[in-house]
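Listed features, source Swiss-Prot:
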COMPBIAS  215-233  compositional bias 'Basic and acidic residues'
TOPO_DOM  1-268  topological domain 'Cytoplasmic'
TOPO_DOM  290-312  topological domain 'Lumenal'
TRANSMEM  269-289  transmembrane segment
ZN_FING   1-43  zinc finger
ZN_FING   53-101  zinc finger
C-alpha cells in the first residue's frame, strides 16, 4: 500500500513500473495511460517489465492503447483484431485477456476510472457492444474503387495543353480538397498584372500520427533547501546505514542559515551560560572539598587521642 502523490492523495496498491511511483486509478487513466502498472507487491517480487505489446511486440507508446480491468495493457488495434476473429456467437466469457485469461468485459457492478474508460472504448465496436448489452451499430463498408478505363486516354494527341492558368487552377481545386483564401484585389492599373485567387493545397488532416513524447513524472525537486529531506524515488528502497539519521541531522544543522540574535535572546543566552557555569563551579568545589576532608588527619577518629577504640 502507498499514497498517491496527486492532489487527491489516495491510498492505493497500484505501482507504476516505469516511473516507480504509487498511482491511483485517476492518475492511471490521466497520466499513465501507456505505462506498465501492476500491484506494489508484484513490483517487490519482480521489478522487470516489458514495454512492448504482447500481441505484436511493438512498443506500447507507438500506438493507441487500452487497459483491461486486470491492468494489462495492449494496443487497441491488436486487441480488436484478435477479438474480431472469434465467432460472432461467442459468449461474453469467451473474450479473455491474452495475458492472464481474465475477462475483457468489466462487470456491471464495477465502477472506477479504468472500468469506465474500458467501457467507452469497447462501445465503439460491434463485437464488444453485444457483450455489453448495447445495440449494434451500422458498420461502414468502404466501396471498392472502380477500375479506370484507359481507352479514353489512348489518344494523347487530343490533350489540350493550351489551357489558361485560370482553368487549370479551377480544375485542380475541384479535384482535391483545399482551403481557399481570397486575396483582396487592388484597383486595376495598366502597369500591374491582375491578382488571381490563391489556393492552399494543404491537407486538413496530418498524414502521420506521431505520438507525443511521454512525460516523466519525477517527484524530485532540485531547488529545495539543502537542509530539507529529499524524498527521492531512486533512493526510497535503498538500504540505509544505521547512523544515517545522525549524519542527516548534522547536515541539516550545518546547512541552515544563521539568523542574528535579538537583545533579549542574547541576554537569555548569557544568563543560561552563567547559570551553567555557576552550577559547574559548585560541583567542582564540592568535589574538591570532599576530597580535602577525606585526607585531613584531624577529622580521622582513629587519630583523636580522646577516642579510644578497643575490643567490646
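Placed from the backbone N, Cα and C atoms, the Cβ positions cover glycine too.
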Long-range neighbours of the topological domain 'Lumenal' (290-312), counting only residues six or more past its ends (CB under 8 A): none
Secondary structure content of the zinc finger (53-101), with strand meaning DSSP E or B: 15 helix, 8 strand, 26 coil
The topological domain 'Lumenal' (290-312), counted residue by residue under DSSP: helix, strand, coil: 11 helix, 0 strand, 12 coil
Integer average pLDDT (0 to 100) for the zinc finger (1-43): 87
